[in-house]
Structures are given as C-alpha cells and as structure tokens.
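Comments concern the structure below.
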Amino acid sequence: MRKYLLKRLLIAIPVLIGVTICSFIIVNLAPGDPVDMYVNPDATLDQIEMTRAALGLDQPMYVRYFKWLGELFQGNLGFSFATREPVMDLLADRMGATLLLMGVSLVVGYLIAIPLGILSAVKQNTWIDYLTTGGSFLGVSIPSFFLGLGLVYIFSLQLGWLPTGGMATLGGDSSLVDQIKHMILPVIVLSASICGNMIRYVRSSMLEVLKEDYIRTAKAKGLKSMMVVIKHGLRNSLIPIITVIGMDIPKLIGGAVVTEQIFQWPGLGQLTISSISSRDYATLMAINLLSAIAVLGANMLADILYSAADSRIHYD
Amino acid sequence: MAKEKMLAVKDLAISFNTYAGELHAVRGIEFDLYKGETLAIVGESGSGKSVSTKAIMSLLPKKSTTIHSGEILFQDQDLLKCTEKEMQHIRGKDIAMIFQDPMTSLNPTMTIGKQIMEPLIIHQNMSKENAQARALKLLELVGIPMPEKRIKQYPHQFSGGMRQRVMIAIALACNPRVLIADEPTTALDVTIQAQIIELMKELQVKMDTSIIFITHDLGVVASVADRVAVMYAGEIVEVGTVDEIFYHPQHPYTWGLLASMPTLEIGNQDLYAIPGSPPNLLHVPNGDAFASRNQYALAIDFEEEPPMFQVSPTHYAATWLLHPDAPDVTPPQEILNRWAKYRKNEVNVYD
Ligand SMILES: Nc1ncnc2c1ncn2[C@@H]1O[C@H](COP(=O)(O)OP(=O)(O)O)[C@@H](O)[C@H]1O
Ligand SMILES: [Mg+2]
C-alpha cells in the first residue's frame, strides 16, 4: 500500500507538469492582453512596454513558462498581476473561505443523501422512492444561479431573514450565529446538487447490493430487514459511493464559481472570476495547479478508502 | 425411521407476477419431513425446488409472489400465516438454510467470525465473547483448520469448499430443527462435493437435524437421502424412499432422470436425454405436464392430470400408468440396461 502510494505520487509529478503546460498555453492564448488592464488609457508606447517588461511578458512564451516552473520548484508562485501581492498569500487568504463553504456543503449534502438514498432503494417503487428520486433530479438539474437568486429573493429580499451575501456582517460582531446565517443560503445551493447527485449513486448502488446472495443469507439468518440493509448492505454499497466522494472533493478547492459569485463569498471561486477578467495569469496558473493537485489527491484518497472498505482490494 | 413430523407442506401453490404474465412456479405440492431424516428434492432446473423451500423460509419477494393455497406446518403453526416478525424468530434459529453458491453467499466485507456469530447474538442473546467461543467450536466442527486464525479472515481468503463449510457453520450455529440445503454442492468439484456431503451426514447424526436436500443430481441423492421427492414443472410427480425411487421407480419422468444420470463406469458418454423441454409455466398445458415428452403417454395424459397413486405406504407416483386400467409398460431396454449397471455400481459410486 505504502509503496503503491509512493508510486502514485511519483507519477503525479509529470502529470502535474503536463497540466501546467496545457493551462499555461491556454491562459496565454486567451484573448486579451494583461498589459491593457494595468496601464492608463492614455499611456505612451514606452510606458506600455515598461509595464510589459515589469510583468515579464516581453519574453517568448516558453521562456516565461520555464521561468515560472523554476520559481515553482523553489516554492514560489509569483506575484499577482492585479494586486502585486504574492500569489501564495492570495490563495491562502481565499482557501479558508472556500474550504469552509464546500466542506460544510459536502457534509450536509452527504448526511441528507446517504440515508435518503438507502431509504429510496429499500422502498423501491413506492411514493417515497419516487419523491426522493424526483427531488434528486431537481437538485442536480436546477441551475445554481437560478436557485441562488431565487433563495436570495425569498429569504433575503422578501422575508429579510438572511443576508444576501458575504461571510459576515461588515462591522458586525462576527459572532458564530452571524457566520452561520451567512452560510445558510450558499450551503443550500451547493448541497442541493451534491446531495441530488449522491442520492442517485447511493440508491443504485444499494439496489445492486440488495440483489446479492449474501443479503439473502443475512435474511435467512433471521436478521431484521433494517439490520440486513445497514450491516450487510451499506458497507458493500460504499465502493461506488467512494468514487463519487473522490469526484466531489476537488470541488473543495475549485470552489463553486457561480455560487461564490452570487453570494459574494470571498473564496477561490470568486478569485478565479476576478483573475480571469483582469488577465491575472500568475494567479490563474496557481489556481489551476491547485485544482489539479486536488483532483490527484482526491483520487489517491479514494484508493485508500477503497481498501479500507473492502479487504479484497489490495494495492502493490 | 423416526416418525415425528418436523414439517408438513400441504397443497402449496405459488405463482409469480411477471411482465410476461402469471408464472405458476409451484402447483400444489405436498410432502412431510420427519425428524432426523434427509429428504432429497430432485428435478430439472426450473422445476420449482428453490421456490418451494424459499416459501418455507418466507424468503420470496413479497410484491410479486402470490400464494394461492397451502399450509406449511412447523411445530403446530402455519408458517404461511406467520408475520415477518415471527418468521425472523424462526429463520436461522429453528429453520436454517444453505445456498448453492458459496462464493457469493457470504458477505465479502465482513469477517467470517462475525458472520457466524450473528445468528448466535440475535437468537440466543449471547455475549460477544460467548458467541466467539461458540464460533470457534463451530469452525472446528465443520472441519476448518486453525480456527483461531481463520475466524478473523474474510471470505475471499477461503476456497469454495471451505466457504461452504463456513455456510454450514452459520446454518448450524443455533442447532436448527430443520436445515434446508439448496444445491449446496452443485458449485463445487466432485471431491469437495463428497467431503461436504460427508460432513453434512456426520453433523446430521450429531445434531439430529432434519434436512431438505435440493439437487438436480441423482448421484448425490443416492449418497445422502433417506427419501426422495421428484419434482417436475412445479409438481411432485413421485415420492418414496431412496430404494423405491432407485429400484422401483414408477413415473416415466423418474425413469428418464435415472437413465440420464452419469456414473463413473458409463461416464458422460452417450447419456440418455429426456426429449423436449419442460413446459412453459406461464401457460401450463392441460393434463399431465410431462405428457408431451413422455413416450408412454396415454390419451388421458393429455386431458386429465393424474392423481397420486399409492404404490406402497411410503411410495406414491402421479402417473396414469398406475391406474388399474392402464396397459402394462416397461421402460425401454436401453434404459433397463443402464439400470442394471447402476444397480451394481450405485452404492459405491459416490460413497
Ligand atoms: N422471483 C421470481 N420471479 C419470477 N419467477 C421466478 C422467481 N423465482 C423463481 N421463478 C421462476 O419459478 C420457476 C421455478 O424456479 P426455481 O424454484 O428457482 O427452480 P429450481 O427447481 O431450479 O430451483 C422458474 O421458472 C423460475 O424462473
Ligand atoms: Mg434452484
């Protein structure tokens, strides 16, 4: 297992370098010149060239890439074009907000989805099942901007119960209650799709498992139906569910661009949008790299979880 | 043979609601199971063996199953009238079951120790420690070496034969009165098959359990059963002691089954095969369901179902050939020849 993970880590390095090459090319080929963003409209040609040189954009793309890579190996992500801050600080600043929002949304989503998915499978083809499956489709397919704006309209504008956005009331007491109030709406929006997606996987996985011979054995032992499902069904239906968790976790980092934008949540998603519109190549590259690391890390975590859930799964 | 009845199945008829229509899987079967005996149920696949025994355990899918008639009497109660909760107290405790495929019948993510302890904990309120001690004894009893080590292992670390031993340990954990074994050796190779059968016979004597042994293999029947019920298209067509079924079979279907049985001497070459295939249980034909495959069929076979004719106090068969007015027929010479060979060899084929 340890050897396997080490091997995976070593393979991850060239993969990550490949990802950075691709994203470097894409970011640089995107229309728009960053220099335009950072000079006065009436700047002279000289001034423009100076800014270009200051941003390091006067060199050919491959030179810039290798410079960037060299800095990266020294643990340096460069400086943001937009704010001149070190990109590292910028990310660290935003990461906490995103991790908090996504972490809570994942946990809430799963806590609702897993029992509902199981219930739906056990009560297959009853109104409970239809209601749950219908709800999960709604959760997956409703666009987050629509749900987000709808919730803001009802709960913030009409009822005035909850704030429209941000992480805390400006100049407020920044109490826990205040923070929670700010989180409720974005968490609902994000967990709706996480939960809807998860319900469908849990349900179908559980339905498969319930057909297995060992479930019949468990019934033949005289176990109560609920115990059959929980003691014998759940663990075995976990494997495909772990895959979904592995796909959900990178969202922790990538953030939910749209949701963060709607609720002005100061996380990575919002940073992504602002970096794109200000052609802040350095920050964009760092965010891409971070997302790629998150995907690879989540895959490895899923592998570890597989072998924990099922002793038949071994890596060497 | 002790005559205390453990289980009495009366006029049991079961059908399934399928997309294609109503499938009559079991069509009025009757049998008794006596204390300490082994009753074998034989028949081609699809003849309703599993469905009949699942009905005893109430393991049929509730939604699609209709039980049209019947009683399953166990200790003076009709199991068909029991609630799910009452059945949970009977399953695994008074009536236990082992299944055909030991590779898939054990939970892959639970240690076999836990799987054996489960019925002890739910039915006998044993503490974990006691259940574990008993599980170790059970593993020893079913002939698994190094039980202390094995008890912590998962099913994938066991061979097919060893897994079936584990299944037997689970089934026997609470000393059930009745053990239903649904083709317990079909998925195993011949040597292992013989070992498992030996084990079951040995444990039956020790525990005085009654066994219903389902198989489609008559060779196995000869070595395990006291009595045999032959099933065809959802009905029992002949029932009798092993000797009666092997040496004085009355039903042409039983003749066919016996003639198609491979032995060590004849091997698999040139085996007799019953012509045709079993009837579609969605549209059961009038008369005797076997008539269209039966070279001895009489005109009446196509019109009216034969009743059970008594041959001896323990031997019954449902064929019009037993009617006093029926012509005398003997099985064809080819089949008789095979029999002569079986009779010489039978006892030492599988023993
Ligand atoms: N749950 C079910 N739904 C519909 N048909 C079934 C079901 N279980 C068994 N059957 C049908 O009932 C018939 C008898 O099956 P079974 O008792 O399993 O045969 P076998 O004698 O091989 O054990 C078969 O035709 C089978 O297809
Ligand atoms: Mg069967």
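Any Cβ shown, glycine's included, is placed from N, Cα and C.
According to TrEMBL, the transmembrane segment annotation covers A:9-30, A:99-122, A:134-155, A:183-202, A:281-302. Residues annotated as domain 'ABC transmembrane type-1' in TrEMBL: A:95-302.
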Region pair the transmembrane segment (A:281-302) / the transmembrane segment (A:134-155), three or more CB pairs under 8 Å: no
Positions on the same chain near the transmembrane segment (A:9-30), where near means CB under 8 A and six or more residues out: 61, 64-65, 68-69, 72, 279, 281, 284-285, 288-289, 292-293, 296, 300
Close approaches to the transmembrane segment (A:134-155) from elsewhere in its chain (Cβ under 8 angstroms; 6 or more beyond its ends): 113, 116, 161-162, 164-165, 184-186, 188-190, 192-193, 195-197, 199-200, 203, 256, 258-259, 262-263
